[in-house]
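The following features are taken from Swiss-Prot:
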REGION    1-37  region 'Disordered'
COMPBIAS  8-25  compositional bias 'Low complexity'
REGION    136-160  region 'Disordered'
COILED    165-193  coiled coil
DOMAIN    283-542  domain 'Deacetylase sirtuin-type'
ACT_SITE  His411  active site, proton acceptor
BINDING   Cys419, Cys422, Cys443, Cys446  Zn(2+) binding site
Amino acid sequence: MNKRSLENNELNEIQNNQNKNNNNKINKEIPSDNTPLKKLKSINSLEQLQEVDEDEDLDVEIDTKLINKLDKKGRKYEFVGEGYSDEEQISDDYEDDESSEYEYGYENEDELLDDEDHLDNINEIKKIQKKLVNTETSTSITNTSSTTTTSTSTTTTTTTKTQINETILLDILNNNKDEVDDEIQRIGNNVGNSKEEEGEEEEENIELVARSFIYKHIQEKKSLGIDPIEFTKDIGFKLELEKDDDAWEIITAFLTRKKVAVNLFLNYLKYNTLARPYRKKIATLDLSTFEKVCQLFESSKNIVIITGAGVSVSCGIPDFRSKGGVYETIEKKYNLPRPESLFDIHYLRANPLPFFEFAKEIFPGNHKPSPTHSFIKLLDEKGKLLRNYTQNIDTLEHVAGIDREKLVNCHGSFSTATCITCKLTVDGTTIRDTIMKMEIPLCQQCNDGQSFMKPDIVFFGENLPDRFDQCVLKDVKDIDLLIVMGSSLQVQPVSLLPDIVDKQIPQILINRELVAQPHEFDYVYLGDCDQFVQDLLNKVKW
């Protein structure tokens with residue numbers, strides 16, 4: 001059975017006036033534009049939140065027997081999400097020494113199905129919980145019983161009731177950002193089995209709260225006679241059913257999976273609704289003609305540009321997701337769970353050979369920068385470029401001469417390589433010959449025949465460089481124009497940048513196809529980046 005669930009894990013909400021009445025059937029009423037708003041400050045977002053009633057609490061009952069039942073029912077469905085990597089069954093995908101002990105990533109039928117944590121959102125909720133405890137607010141978590149045995153077939157039901165005052169949550173995040181972020185950093189730096197076990201228990205509790213809350217929410221909508229298809233549309237999903245499918249069972253199986261449930265629950269805490277609000281065009285901004293777009297470029301002084309593989313296609317470097325691109329080539333050449341697995345850090349550690357056989361195809365060579373790269377360099381020279389966030393690893397921005405201070409290599413580059421074991425870092429040219437031979441570059445310092453030098457590109461499952469967060473926090477204060485060029489905006493957290501920027505900052509998309517829907521750009525140019533640049537330069541005469 002094939003099920004398609006569209007939109008990524010940052011679930012979008014349709015808020016325009018024509019759909020507002022429908023939305024209110026599913027979620028609480030969205031306030032009008034003159035409703036008082038609060039701003040949430042965090043590492044990853046600067047979002048406007050709606051005011052919530054001080055007396056309103058969330059009551060969540062957790063039943064582990066129910067959770068196990070959800071896991072077993074959900075196991076028979078395969079969900080495919082565009083731009084959203086759901087829970088990965090590591091033991092199916094990767095062959096390592098431990099995988100033989102597991103089936104589908106868990107030891108027995110009673111264990112939770114999910115394998116990976118969505119760390120950004122987990123940390124957001126951790127912040128909330130920890131600050132509530134430290135400030136002795138009205139939040140309380142009471143365990144009425146907690147005995148669960150997973151090593152045998154016996155499972156005792158655990159019931160937990162959580163009461164969360166939403167206004168207090170927002171106030172704490174708003175007023176204690178630095179302190180909360182420091183606390184999360186301290187947690188992340190802790191080393192020791194006892195601390196790790198404590199963290200695992202905390203994450204497990206968060207996931208159970210989220211999944212139980214979403215299950216309860218679904219049951220309420222079902223009991224009210226809400227149409228299941230309309231329910232999924234209103235929270236940003238498209239559900240396609242086959243004959244005899246039980247719609248509510250499928251919805252429950254998908255939305256109560258760990259990552260999805262945590263995202264929805266986090267949205268509810270932030271926005272008092274399951275779906276995240278999306279950006280609309282600036283009503284007062286007129287970009288109805290190309291001439292007006294050119295005028296905007298001329299008047300802007302702090303331009304932020306997000307570039308993807310589309311800006312390098314004309315250089316002879318294939319992009320990743322289009323027809324004939326990198327992922328299609330990988331799919332034909334290798335027997336992988338999915339093409340992206342070649343760039344998954346877990347897969348790399350378990351089986352590095354496929355990546356190093358393919359690395360030759362994407363290793364920077366003698367390619368020359370495109371007209372788009374040269375245009376970004378021109379903006380830099382004219383003092384208009386605030387930052388270029390590039391998702392590319394081809395280093396052509398460096399070749400074009402863009403000031404390195406104005407450049408953020410979001411996904412790293414081949415310029416250096418680091419041993420996965422001893423962390424020795426060497427210049428990328430050191431491993432070039434080995435990669436050209438399609439061999440694994442072993443670490444000479446470890447000299448154990450197994451440790452290898454990994455190019456310092458960011459794999460799925462790895463954190464972005466610290467410089468990314470540092471620059472984002474600075475740039476959102478100064479930016480006056482955001483440009484997205486040649487990017488599918490499918491990989492987080494870079495794909496979140498258009499949402500982070502103040503909604504009154506103009507945004508332009510230059511790409512071969514429309515992306516990030518239902519997010520609205522103020523001007524969209526569907527075509528080649530180089531052609532846009534040529535058309536623009538013909539008008540502005542720089």
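Glycine is no exception: its Cβ is also placed from the backbone N, Cα and C atoms.
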Remark   = By a three-class reduction of DSSP, Cys419 (Zn(2+) binding site) is assigned strand
Request  = Based on Cβ atoms within 10 Å, give me the single least packed residue among the binding-site residues Cys419, Cys422, Cys443, Cys446.
outcome  = Cys422
Request  = Do me a favour and check the Cα-Cα span between Cys422 (Zn(2+) binding site) and His411 (active site, proton acceptor); whole Å is fine.
outcome  = 22
Note = Rounded Cα distance in angstrom between Cys419 (Zn(2+) binding site) and the residue listed as 'active site, proton acceptor' is 18
Remark   = Row the residue listed as 'active site, proton acceptor', column other C-beta within 10 angstroms, all chains, value 22
Task = List, in sequence order, the residues of the same chain other than Cys419, Cys422, Cys443, Cys446 whose Cβ lies within 8 Å of the centroid of the Cβ atoms of the recorded Zn(2+) site.
result = Ile420, Thr421, Lys423, Leu424, Gln444, Gln445, Asn447, Asp448, Ser451, Phe452, Met453
Structural state of Cys446 (Zn(2+) binding site), classified by DSSP into three states = coil
Task = Fill in the CA-CA distance, Cys443 (Zn(2+) binding site) to His411 (active site, proton acceptor), as an integer in Å.
result = 23
Note = Students should find that the Cα atoms of Cys446 (Zn(2+) binding site) and the residue listed as 'active site, proton acceptor' sit apart, in Å rounded to an integer, by 26
Request  = Using DSSP with the three-state reduction, classify His411 (active site, proton acceptor) as helix, strand or coil.
outcome  = coil
